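Peer 1: Quick one: the structure is below, questions incoming.
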Amino acid sequence: MAENLDQSFEESSMSNEEKRKINREQRIQIIAFAFMIGITILAFLAVGSEQLPGVFTIPFILFLAFVQLILQLYYFMHLKDKDHGWPNSFMISGLVLAAPMVVSLILLIGIVKY
Amino acid sequence: MVSEATNTLKKSVFWDWMTTVDHKKIAILYLLAGTLFFLKAGLMAVIFRIQLIAPEMEFISGQTFNEFITMHGTLMLFLAVTPIFFAFMNFVVPLQIGARDVAFPFVNALGFWLFFLGGLLLSLSWFFGGAPDAGWTSYVPLASREFGGVGIDFYVLGLQISGFGTLVSGINFIVTIINMRAPGMTMMRLPLFCWTTLLTSILIVFAFTPLAAGLALLMLDRIFDAQFFIPGEGGNVVIWQHIFWIFGHPEVYILVLPAFGMISEVIPAFSKKRLFGYTSMVFAVLIIAFLSFMVWMHHMFTVGIGPIANSIFAISTMTIAVPTGIKIFNWLFTMWGGKLTFNTAMIFAASFVPTFVLGGVTGVMLAMAPVDHLYHDTYFVVAHFHYIIVGGIVLGIFAALFYWYPKMFGHKLNETLGMIMFWLFYIGFHLTFFIQHILGLVGMPRRVYTYLEGQGMDTMNFISTIGAFLMAVAVIILIINIVYSALKSEPVTVDDPWDARTLEWATHTPVPEYNFAQTPQVRSLDPVFYEKIHGNGKMKPAEPLDDIHMPSGSILPFFISLGLFIAGFGFISFHLDLFISPYVLIAIGGIVTFGSMGLRSMQTDHGYHISKETVEEMEKELS
């Protein structure tokens with residue numbers, strides 16, 4: 001098996017159905033990528049422009065970051081696909097465990113210095 | 001010991017053990033190494049208990065006392081109990097889920113060697129200016145570069161390396177349990193020991209990463225003059241406490257969950273009943289694992305984080321008593337009305353239940369933030385966590401040792417010696433630690449190397465030390481038992497000497513290299529028991545007999561770890577006056593580690609096959 005690995009194939013062994021799926025996946029990836037660049041630009045603009053007040057900017061870019069995270073995990077890292085139950089549950093439990101820690105450490109060390 | 005008949009490749013014994021990737025042999029390596037560290041840490045405990053036998057003793061100096069208590073805690077938690085658990089997990093989990101090996105045999109070997117050489121690096125500290133002496137928690141500023149000696153460097157680097165080993169083993173177990181289950185072995189048919197192994201591994205992945213980060217920060221502080229924990233330069237010492245306990249509390253559950261699993265295997269086997277409330281047991285462990293991350297601040301009640309934070313963490317801590325209570329009642333109901341056999345394994349398992357309840361009760365007492373100001377840093381805390389760790393975890397380990405010994409080594413341990421050991425250990429344990437509750441309440445502080453006469457502590461400390469002697473005698477009897485049984489006891493030839501219930505008892509004794517000639521078809525929870533009642537007592541195969549694909553052994557895990565060991569020592573030697581420059585050592589270590597990794601990436605190794613004929617021959621010989 002191993003000695004045939006670098007031989008190239010005459011034509012793809014994928015069925016038309018599979019090819020369609022791959023193409024669709026590619027399109028989704030590109031759209032998601034473009035969208036993510038878009039919201040990144042938006043975040044830069046929000047911070048860079050002098051007109052917007054900080055009360056608006058901070059929650060706004062945090063929201064954009066959250067959207068970015070979801071896109072990244074579910075579209076780029078394929079968590080939306082079938083048979084990704086275990087990676088999903090691990091990712092979510094990691095977030096659920098880390099979030100309260102980060103929040104409480106910000107509250108305690110950032111404010112009361114303990 | 002896995003006999004010669006079960007080995008298909010002929011190698012010298014030494015080379016075989018150095019290069020092994022077989023989960024059963026790695027299990028035995030873990031067991032041996034863990035036992036060595038256990039004996040070492042136990043001996044330290046006996047010595048500092050002698051120091052405390054009478055007021056103002058001068059058996060050892062205060063400095064040595066500090067080094068002993070630090071090393072006792074560190075060794076017991078990281079290098080004794082965790083590896084002994086890994087030994088049983090490695091041996092039992094693939095057999096219980098019907099797999100031929102763990103998911104990544106190479107990584108499994110790497111995990112062992114990283115742990116072992118990391119532990120060795122930590123132990124080297126005795127020869128280079130003294131062991132770490134800042135307590136197993138290694139709080140800054142006591143452990144900072146200003147106040148901590150070179151021992152702390154050994155603590156940081158040694159634990160970092162052995163922590164990597166624990167981390168990769170944890171990942172390996174998660175993948176194994178999720179992906180390698182035999183057909184029919186659904187998640188809700190998984191034996192409870194596999195469930196607790198899975199959750200322990202998840203806790204390791206989520207908890208050892210903060211520890212690695214914290215140790216890295218401390219290393220930067222100490223060796224490269226960073227200032228994360230130096231208040232004068234803008235750092236904050238409390239961050240270390242947070243990071244340490246974000247790791248440290250889950251670590252307690254990393255230790256206790258496998259013990260829960262072992263007890264949940266031993267009690268049903270000797271009660272001749274299925275585990276009572278299996279589903280509730282699974283969900284109880286899940287909840288305990290989750291909550292273990294939400295309670296870390298209860299170790300820091302006296303730091304001064306304020307009443308609101310203290311109350312939140314006090315209540316979340318008390319919540320853990322609920323799922324734990326569910327488990328306790330389930331064990332009791334498993335025994336209730338069962339056909340009980342009280343042999344050594346069962347008596348250890350059964351005595352676990354009340355002892356662990358005692359530890360749990362004091363746990364809830366400690367969780368009450370206002371009173372905790374009284375208990376904090378007294379022997380009450382020491383008594384509490386020893387009731388959990390010795391009364392819970394070590395009793396669980398002994399139960400598991402007596403229960404799985406015939407499968408691992410092909411003969412049973414002697415029952416009479418086992419019973420003598422149990423009573424000595426049990427009485428000694430309560431004698432040592434029960435009285436420490438009262439010592440703590442009358443105000444004896446922990447981690448202080450002596451005390452004055454006439455404060456009402458003399459008699460109680462004397463009793464406590466006598467108890468420690470009894471425990472030491474019990475462990476010596478265990479060693480005698482192991483040697484005696486190896487020489488005298490009858491070899492076990494049947495597959496299932498205990499008439500037990502789970503899948504590991506469907507393999508031959510000794511277990512052949514490939515575990516199962518044909519992957520079994522699992523039809524129920526407690527599959528072996530099900531086949532005994534509804535089938536012919538043998539597991540139904542899920543596949544035809546065929547050639548078996550095996551991973552080939554490799555020396556590279558040893559060299560990857562050896563390189564890290566040398567590099568770690570190099571980092572430490574910035575604070576030592578050696579004839580060789582630290583940079584040279586770091587370079588050698590780096591080249592060995594990354595060179596071995598490169599070699600591993602370059603070589604194509606598809607393993608080997610055991611032919612169908614050999615398998616048939618071995619099956620005939622073993623049955």
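Backbone N, Cα and C define each Cβ position, glycine as well.
Straight out of TrEMBL:
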DOMAIN    B:9-523  domain 'Cytochrome oxidase subunit I profile'
TRANSMEM  B:27-48  transmembrane segment
TRANSMEM  B:68-93  transmembrane segment
TRANSMEM  B:105-128  transmembrane segment
TRANSMEM  B:154-180  transmembrane segment
TRANSMEM  B:192-219  transmembrane segment
TRANSMEM  B:239-263  transmembrane segment
TRANSMEM  B:275-296  transmembrane segment
TRANSMEM  B:308-333  transmembrane segment
TRANSMEM  B:381-405  transmembrane segment
TRANSMEM  B:417-442  transmembrane segment
TRANSMEM  B:555-574  transmembrane segment
TRANSMEM  B:580-599  transmembrane segment
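Could you tell me the structural context for the features on the list?
Peer 2: Regional average pLDDT for the domain 'Cytochrome oxidase subunit I profile' (B:9-523) in the model is 93.
Residues 23-24, 26-28, 30-31, 33-35, 37-38, 40-41, 44-45, 47-48, 60, 102, 108, 111-112, 115, 119, 122, 131-136, 138, 151, 155, 159, 162-163, 166, 169, 173, 176-177, 193-194, 197, 200, 251, 254-255, 258-259, 262, 389, 393-394, 397, 400, 404, 407-408, 447, 504 of the same chain lie 6+ residues outside the transmembrane segment (B:68-93) yet bring a C-beta within less than 8 angstroms of a C-beta in it.
Beyond the ends of the transmembrane segment (B:192-219), by six or more residues, the same chain brings 85, 88-89, 92-93, 96-97, 138, 140, 143, 152-153, 156-157, 159-160, 163-164, 166-167, 169-174, 177-178, 226, 228-229, 240, 243-244, 246-247, 250-251, 253-254, 257-258, 260-262, 264-265, 275, 278, 281-282, 285-286, 289, 292-293, 571 to within a C-beta distance below 8 angstroms of the stretch.
Sequence-distant contacts of the transmembrane segment (B:239-263) (same chain, at least 6 residues past either end, Cβ-Cβ under 8 Å): 77, 81-82, 85, 88-89, 137-140, 191-197, 199-200, 203-204, 206-208, 210-211, 213-214, 217-218, 228-229, 285, 288-289, 292-293, 295-300, 303, 327, 331, 349, 352-353, 385, 388-389, 392-393, 395-397, 399-400, 403.
Here the transmembrane segment (B:275-296) has Cβ contacts under 8 Å with residues 188, 192, 195-196, 199, 202-203, 206-207, 242, 245-246, 248-250, 252-253, 257, 260, 264, 267-268, 313, 316-317, 319-320, 322-324, 326-327, 330-331, 333-334, 336, 525 of the same chain, all six or more residues outside its ends.
Long-range contacts of the transmembrane segment (B:308-333) within the same chain: residues 260, 263-264, 267, 275-277, 280-281, 283-285, 287-288, 291-292, 294-298, 301, 353, 356-357, 360, 363-364, 367-369, each at least 6 residues beyond the stretch ends and with a Cβ under 8 Å from a Cβ of the stretch.
Listed by sequence, the residues of this chain that lie at least six past the ends of the transmembrane segment (B:381-405) yet keep a Cβ under 8 A from its Cβ atoms are 76, 81, 84-85, 88, 91-92, 252, 255-256, 258-260, 262-263, 265-266, 269, 343-346, 348-349, 351-352, 355-356, 358-360, 362-363, 365-366, 375, 411-413, 418, 422, 425, 429, 432-434, 436-437, 439-440, 446, 471, 478, 498, 504.
Distant neighbours of the transmembrane segment (B:417-442): 49, 343-344, 347-348, 351, 355, 362, 374-375, 378-384, 386-387, 390-391, 398, 402, 455-457, 460-461, 463-475, 477-478, 480-481, 484; these residues of the same chain sit at least 6 beyond its ends, with a Cβ under 8 Å from one of its Cβ atoms.
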Peer 1: Do any residues of this chain, six or more beyond the ends of the transmembrane segment (B:555-574), have a C-beta under 8 angstroms from a C-beta of it, and if so which?
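Peer 2: For the transmembrane segment (B:555-574), the sequence-distant neighbours (Cβ-Cβ under 8 Å, at least 6 residues beyond its ends) are 18-19, 21, 106, 109-110, 112-114, 116-118, 120-121, 124, 128, 150, 153-154, 157-158, 160-161, 164-165, 219, 223, 580, 582-597, 599-600.
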